[in-house]
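As annotated by Swiss-Prot, transmembrane segment applies to 17-37, 55-75, 81-101, 104-124, 129-149, 170-190, 193-213, 248-268.
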Amino acid sequence: MDDLKTRVITASVVAPFVVLCFVSYESLIGLVSAILILAGYELITLEMKERDARFFYVILLALYPVLYGLVFEEPTQPLSILFITGVVFSLITDKDPSQVFKTVAAFSIALIYVTFFLSFFLPIYRDFGAANALLVLTSTWVFDSFAYFTGLKFGRTRISPRYSPRKSLEGVIGGFLGVVIYTFLYRLVVNDLLSVNVISFRTFLPFAATVAIMDTFGDIFESALKRHYGVKDSGKTLPGHGGMLDRIDGLLFVAPVSYIVFKILEGVVR
């Protein structure tokens, strides 16, 4: 109960600030970069022990949304530049050839899994508007909450006993239904009352399914990473939630797939 209370307090403090960052494209870029500094540092720290080197790689990770959002039009351009920079830095600083591979592997995973995936919020915002970008974010919060309490009450069928023993099919179904209800209410307020375009009713189920499935596998994947490194949490950034990576693990899979779903249903979204 104390842990749940801590989680609620932390969320109550952090959530309003995060939502406010969606008021402009530039503030969203700043938010993504700030999150990448924390989550990227946590992930890279699991593999790299050299403190100065870790900071350099984290700076590269945080630069991606700035370069992609403000300088380059294609996402692969800054991605390639940052990857090559990281490889060259490793070749210069790592004395042991075997360490070069470990360093580049860790940096590559962080660059794709954390940086590239989270930065999909930028094209979602740019192509489909702030309301839909915020919907993607808040829907993961709703899914996590509904899945947690439903699983706590009715959870019987374990999805991944090896990596995430407490995650149940019943919890996922509860989270899915929660997202459907939330998306309906979100559209009712944002679209019908505020006259801001949000995904249409026919898109609710594909979107809710995307959130439920991708959030679940995002969480399982991060659990597998933590088991590999023998840690319970990725960090201690957010009291009650663990590290920043623990908080956004599902979101990292949800954001890119949601963008693809929106692209496929672009006529519906617009």
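Here, residue 1 is simply the first one shown, and the rest follow in order.
Just so you know, glycine gets a Cβ as well, placed from its N, Cα and C.
Proximity of distant same-chain residues to the transmembrane segment (17-37), defined by a Cβ-Cβ separation under 8 Å and at least 6 residues beyond the stretch ends, is recorded for 58, 61-66, 69-70, 114-115, 118-119, 121-122, 125-126, 130, 133-134, 137-138, 244, 248. Long-range neighbours of the transmembrane segment (104-124) within the same chain, counting only residues 6 or more positions beyond its ends whose Cβ lies under 8 Å from a Cβ of the stretch, are 25, 28-29, 32, 35-36, 39-40, 43-44, 46-48, 57, 60-61, 64-65, 68-69, 75, 79, 82-83, 86-87, 90, 132-133, 136-137, 245, 248, 251-253, 255-256, 258-259, 262. Taking every listed stretch (55-75, 81-101, 129-149, 248-268) in turn, the largest tally of C-beta pairs under 8 A with the transmembrane segment (170-190) is reached by 129-149.
When each of 55-75, 81-101, 129-149 is scored by its Cβ pairs under 8 Å to the transmembrane segment (248-268), the top-ranked stretch turns out to be 129-149.
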